[in-house]
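Trainee: TrEMBL feature annotations, pasted as is:
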- B:9-253: domain 'ATP-grasp' (DOMAIN)
- B:K45, B:G52, B:R53, B:G54, B:E91, B:V94, B:E99: ATP binding site (BINDING)
- B:N191, B:D205: Mg(2+) binding site (BINDING)
- B:N256, B:G313, B:I314, B:T315: substrate binding site (BINDING)
Amino acid sequence: MSVLVDEDTRVVVQGITGGEGEFHAGQMMEYGTNVVAGAVPGRGGEEVHGVPVYDTVAGAAEAENADASVVLVPPAFAADAIFEALDSPVDLVVAITEGIPTQDMSRVKKRLGETDKHLVGPNCPGVITPGEAKLGILPGNIFSSGNVGLVSRSGTLTYQVVDNLTDRGLGQTTAIGIGGDPIIGTDFVDALSLFEADPATEAVVMCGEIGGSDEEEAARYIDENMDTPVAGFIAGRTAPAGKRMGHAGAIVSGSGAGTAESKIEALGDAGVPVGDTPEEVADNVEELL
Amino acid sequence: MRLHEYQAKEVFAEAGMPTPESALAESTDEVLDAAESIGYPVAVKAQVHVGGRGKAGGIELAESDDEAREAADSILGMDLKGYTVERVLVEQAVDFVDELYVGVTMDRGAGEPVAMVSSEGGVDIESVAEESPEAIAREHVDPAFGMHHYQANRAVYDAGVDREVASDVASVLTTLFDLWEDRDASEAEINPLMITGDDEVVAADAVMNIDDDALFRQPDLAEMEEAAAGDDLEAKANEYGFDYVRLDGNVGIIGNGAGLVMTTLDLVDYYGGEPANFLDIGGGAKAERVANALDMVFSDDNVDSVVFNLFGGITRGDEVARGINSAIEEFDELPKPVVVRLAGTNAEEGMEILNADALDVEQTLEGAVQRAVEQAGGAQ
């Protein structure tokens, strides 16, 4: 069992004829993902890695019976690509693109709320169910199959924590990178609710970081709604106020909102052990299991 | 990207926002010329990116040539919270009877913009928000429709703005929202919006921050961007295309990915050291980027040791190792000790290739950080 994606997920890659799109479509297929089509306006009729390219996402999804799309198009066109995917038959959109203007994402978020689809990202590494499918740019070889769900705002931090888990023999059901932007589709609460409903997921790791109040809301959700135990990690304890730490969303405002302390405290109050180091996160997961 | 007050006021004035007459000046003579053509009294305002300019002595009123000269001499060249003042805005002083606050920002939790009005303008709005949140009227706006006129009215009436000026203030808020949207701002605010004895409304200050990710479609605003004046290293980072933040400690940090670099900073602190910087070199690790990153941390006098933590991901560890080796070839001897840890795809092959004569190679993130803290003089 898993959440969002599995071996039956049929994937359209938006932007498959671009450098990034072509490379990562190949990597996804090599991992075993069922990539069934590409979608690029004006390039319909071509083939990439033996997969047919269509002019539109709807065309690709209808012809190839696809149910998910991965957005690998440049930031200036990415919001439009997400709108197109939301307006097609696919149920899941995974947006990898970094640098989409925040106001564009605000409009996307509004549209998303009018559908019952899932959007993961943008500015994220994607979603992987080890041994079955990866939708995105995560390095498949560090993951292993198991009973731990993982949700994270950061790419390479996810890899670090997964590396620690895999080293201990703690495999994963599904790992979801939700992205480091101020406005994203799937947030912590959405991802946690998916894991809570998944019988195969016996513990969840949640990696947050400074900025916003998503972690605090997640803590409230865990406290009130979850039976599955959660282990936490928060990056940015040493970040100064007012400075953007790489991610557009990772900023502690002048009034002190979004600090690591506030998030660690909220999680602690919800009974979530928060590790001081990635190694300690793996210790905590072992204990919870 | 943050616009200077004078830049934001240009943008405001173009959109038809009522702003006081003003001119930019870089010398005492220019201040005097500007004051004469505008007419006394004038305000002389430092143009630097720091909050609380007034309290720090960066804004002065002048009613005569003598006072204008005095203000210019004291403000031009002064150090304002680490920034040298090179320009001032000379502006018609507004004789006001009331000060309001109006602003538009993105409410990231709600995922949509929020327009705000408060009758308690002229003071730090964040402290108003904390001490008396009810004094700020908020109106969330559907990003697909933009702000309806009734919403601007409702915010103004909810904030208890005087009836005589309510319609003009609502119109200022509408203009501000449209500007926020058209110019891809992350924040746009006027604090204070002054009300004169004749019931005129005037934008006495202007704040506008532009979404960096949208600068590609705001070419005229992108041109207004200036190299960061406060810190040479931050300017250099900009040139190299790194995400970089300078801190006060002595352990230099280089890594890939914002979350992992932040975690490395936190671990330096956890093991008793003090981080000197945040430096994210992004995806891949071509020799040139590695060399540039090392150049950045080596040229920071505060740095005593460096921890280089790379998670290979899609990039293979052996390629990263070759990049690091070729980047350090140009140094006869590394000016500061460098601890390297590679992880991810082909990390073991990478660790074997790394030039262990010049570098400290560690197997784990925790080990690498502890080693770098030791090299920098141990736990504080």
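Backbone N, Cα and C atoms are what each Cβ position is placed from, and that goes for glycine too.
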Trainee: Out of B:V94, B:N256, B:G313, which binding-site residues come under 8 Å of chain A, measuring Cβ to Cβ?
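Mentor: The binding-site residues close to chain A are B:N256, B:G313.
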Trainee: Let's check the environment of B:G313 (substrate binding site): how many other CB atoms sit within 10 Å of its CB?
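Mentor: Cβ-Cβ neighbours of B:G313 (substrate binding site) within 10 Å number 24.
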Trainee: To see if you understand the setup: which same-chain residues, six or more apart in sequence, place their Cβ under 8 Å from that of B:E99 (ATP binding site)?
Mentor: B:G121, B:G122, B:P192, B:L193, B:M194, B:I195, B:A204
Trainee: Taking every residue in the domain 'ATP-grasp' (B:9-253), what is their average pLDDT?
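Mentor: Mean model confidence (pLDDT) across the domain 'ATP-grasp' (B:9-253) is 92.
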Trainee: Would you count the other C-beta atoms found within 10 angstroms of the C-beta of B:D205 (Mg(2+) binding site) for me?
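Mentor: Its Cβ shell of radius 10 Å holds 23 other Cβ atoms.
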Trainee: Find, for the listed binding-site residues B:G52, B:G54, the residue with the lowest Cβ contact count at a 10 Å cut-off, counting only other Cβ atoms.
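Mentor: Checked B:G52, B:G54; of these binding-site residues, fewest Cβ neighbours within 10 Å: B:G52.
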Trainee: Taking only same-chain residues 6+ apart in sequence, whose CB is under 8 Å from that of B:R53 (ATP binding site), what do you get?
Mentor: B:K45, B:A46, B:I59, B:L80
Trainee: In angstrom units, rounded to an integer, how far apart are the Cα atoms of B:E91 (ATP binding site) and B:N191 (Mg(2+) binding site)?
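Mentor: Cα to Cα, B:E91 (ATP binding site) and B:N191 (Mg(2+) binding site) are separated by 16 Å.
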Trainee: Helix, strand or coil for B:E99 (ATP binding site)? Use DSSP.
Mentor: strand
